[in-house]
Amino acid sequence: MSTDPAIKVEEKEKISGSNSSAFFSPSSWPQRSFFVAQSALRALAAASTLVALSVMVTSKETVTVFGIRVEARYNYSSAFRFLLGVDSVACGFSLLSLMFICHLSRFQPNFRSYFFLFLHDLVIMVLMISGCSAASAIGYVGRYGEERTGWLAVCDQVAKFCNRTLASIILSYLAFFCYFALSIISAHKLALLSKKDCEGELENGLDQEEKKVSK
């Protein structure tokens, strides 16, 4: 029997149309938006920590005060060194987690994958806020001083150094807020998955009870 070519074309169009509609179906939007948000926030965190690292490492200034040569460097402060280490860790793990997200987007991830992702985001978020808090405290003392303890402000003499460290701290806070948002997104995803698992277990339990009653 001969088949009409027009019918074949129509069938191909229907198949391709069904595949494209499945790819752009509203049910897949939450999953795609999840991976897009995860990738964008991790890329932003990696970029901000990388710039913060470069700004902090190059923050140095030498001035002469009353004939005395004074040099300001980031490594003179343990708080700034701690922030530098935290930014390095956050930058590296942001890139690694970004590759992990790209890998997850190609497959159907399970509950364990999302749990480890949430745990990673939570740890990096805690590290970032600890480093930012330590650097902010010493930066505040350097800019405004502390009269009760006799600590004088030094940013009047080394303004360039203080401005660069301030920019590095602000960029580090940006990375912290990225991981804060990532932790919320990951926690929300875990809550949805656990809800689905509970509903599935409940349905299986009801089906087993129905089978027992029917027997």
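Here the Cβ of each residue, glycine as well, is placed from N, Cα and C on the backbone.
Marked as domain 'Casparian strip membrane protein' by TrEMBL: 33-178. Taken from TrEMBL, the feature transmembrane segment applies to 40-59, 79-102, 114-141, 166-187.
Taking Cβ pairs closer than 8 Å, the transmembrane segment (114-141) reaches residues 77, 79-80, 82-83, 85-87, 89-90, 93-94, 97, 100-101, 104, 151, 153, 162, 165-166, 168-169, 172-173, 175-176, 179-180, 182-183, 186-187, 189-190, 193 in its own chain, all 6 or more past its ends. Below 8 angstroms of C-beta separation, residues 73-74, 80, 83-84, 87-88, 90-91, 94-95, 97-98, 101, 161, 164-165, 167-169, 171-172, 174-175, 178-179, 181-182, 185 of the same chain, each at least six residues beyond the ends of the transmembrane segment (40-59), sit close to that stretch.
Secondary structure of the domain 'Casparian strip membrane protein' (33-178) per DSSP, as helix, strand and coil residue counts: 109 helix, 14 strand, 23 coil.
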